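Okay, so here's the structure we're looking at.
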Amino acid sequence: MAAKDIRFGEDARTRMVRGVNVLANAVKATLGPKGRNVVLEKSFGAPTITKDGVSVAKEIELADKFENMGAQMVKEVASKTNDNAGDGTTTATVLAQALIREGAKAVAAGMNPMDLKRGIDQAVKAAVVELKNISKPTTDDKAIAQVGTISANSDESIGNIIAEAMKKVGKEGVITVEEGSGLENELDVVEGMQFDRGYLSPYFINNQQSQSADLDDPFILLHDKKISNVRDLLPVLEGVAKAGKPLLIVAEEVEGEALATLVVNTIRGIVKVVAVKAPGFGDRRKAMLEDMAVLTGGTVISEEVGLALEKATIKDLGRAKKVQVSKENTTIIDGAGDSAAIESRVGQIKTQIEDTSSDYDREKLQERVAKLAGGVAVIKVGASTEIEMKEKKARVEDALHATRAAVEEGVVPGGGVALVRALVAVGNLTGANEDQTHGIQIALRAMEAPLREIVANAGEEPSVILNKVKEGTGNYGYNAANGEFGDMVEFGILDPTKVTRSALQNAASIAGLMITTEAMVADAPKKDEPAMPAGGGMGGMGGMDF
């Protein structure tokens, strides 16, 4: 086992705080509408330019191991806030720095670290309650667009495109972000349920222009096994032919004689049929077939529930207004399922989302909710260079997370104002002893830090602006973008409550751990081995003169 280097007390905390300051100073330069860019070196290719706090934090590793520990703990604050709320990483870092710096000073002055921590926790708990009190639910598209705009570093086009996407696919809908091919941002919306399986034979195509098979008001047969014998399909095909409607078959596989017969029937115009493979594999395939059954008001023909394909009738089939099948995708639009049954199914999947511990499973379950509840929107990010594309895509993803958080817990006035209002409301708190009361004061002072940093980045005097904001009430604050005072909500400067709350709670959690740290252990630096002695020179070659 390698030898360890151990630091105690003040020496340990001083080094840790030094690391915190290095990371926080780099991250906080990006805060606010007039925040600066940070350039990150890459091992190959052009450097990355970003205004995203968590991207900056992730790049920082310090040479001194004790300083690096401090930096990594604050990095944890940024990452945790990003995971919880999707944004607010820079705010969380600024809060953590302020709490740690003041807390370390108090410990150095002889105060009890545990009492300081209790005081900080007490103040944060009261501030979170106050944040929830001043929070307002987001009900309209305008508020959603404003939240997205602020999170995307005041880029209105991003805020508007996210609001439009949410309007089209609903609050539960899946919105994905991809790299586009143009210069402008684009929005593609797929309404209804889409899955990534196309037609099994090109002979099913009936729309030559789009090279797709379009079915209007079709019946939908859902089967969880292979179909190779056409006799099994005859009762269903006869019923559909009598009704004069097209048919979509979704099964594990349609092959051989069955597929050939369906193609011949389609070409001759007897019955318009399209066959596709069922999406997914194993249990996920069964679940997705059940989703389709609920959406279309049909039944999955499965031996597990005692239904055989040859016994199936037209009553077991689902319905939809329209189905479009391309080479790679199938889209079911406006299924005829019962809305109460769909809601119940969505609720069931949401329960599974809460219970699962796998990120992959959670993502797949959320996709299923979206397909049942609304649809899927794809935001294609446009930019003129690859560097700009990466930076812009990161901002769009941030803004999307922030708007989801706003829909979840509502919004508070932005620009650091919500924390200032919360600290004024809980300003008369006192602890059980003097040290706890000092801990409360540290937390209250730290809650001013985000506003101070936004103002400093805008080139103004933080204390002057802060006092003026404190004199106001409610949503009154400072718009750093244009230097005006006024109602932050009217200015469109909003923060999701969840983002502000998570930033404060995570910063307090890490600050409490750091203040109460008394020893730090790291690997001792290895001593450099002495270099090999230089080799002797080659002997002269006698008798040769130059």
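Think of each number as a place in line: the chain as shown, counted from 1.
Glycine is no exception: its Cβ is also placed from the backbone N, Cα and C atoms.
According to Swiss-Prot, the protein carries these features:
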type     : residues                               : note
BINDING  : 30-33, K51, 87-91, G415, 479-481, D495 : ATP binding site
REGION   : 526-546                                : region 'Disordered'
COMPBIAS : 534-546                                : compositional bias 'Gly residues'
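Feature annotations (Swiss-Prot) mapped to structure.
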residue	record	CB count, 10 Å
T30	ATP binding site	23
G32	ATP binding site	27
K51	ATP binding site	21
G88	ATP binding site	32
T90	ATP binding site	28
G415	ATP binding site	26
A480	ATP binding site	25
D495	ATP binding site	32
Under a three-state DSSP reduction, the secondary structure at T90 (ATP binding site) is helix
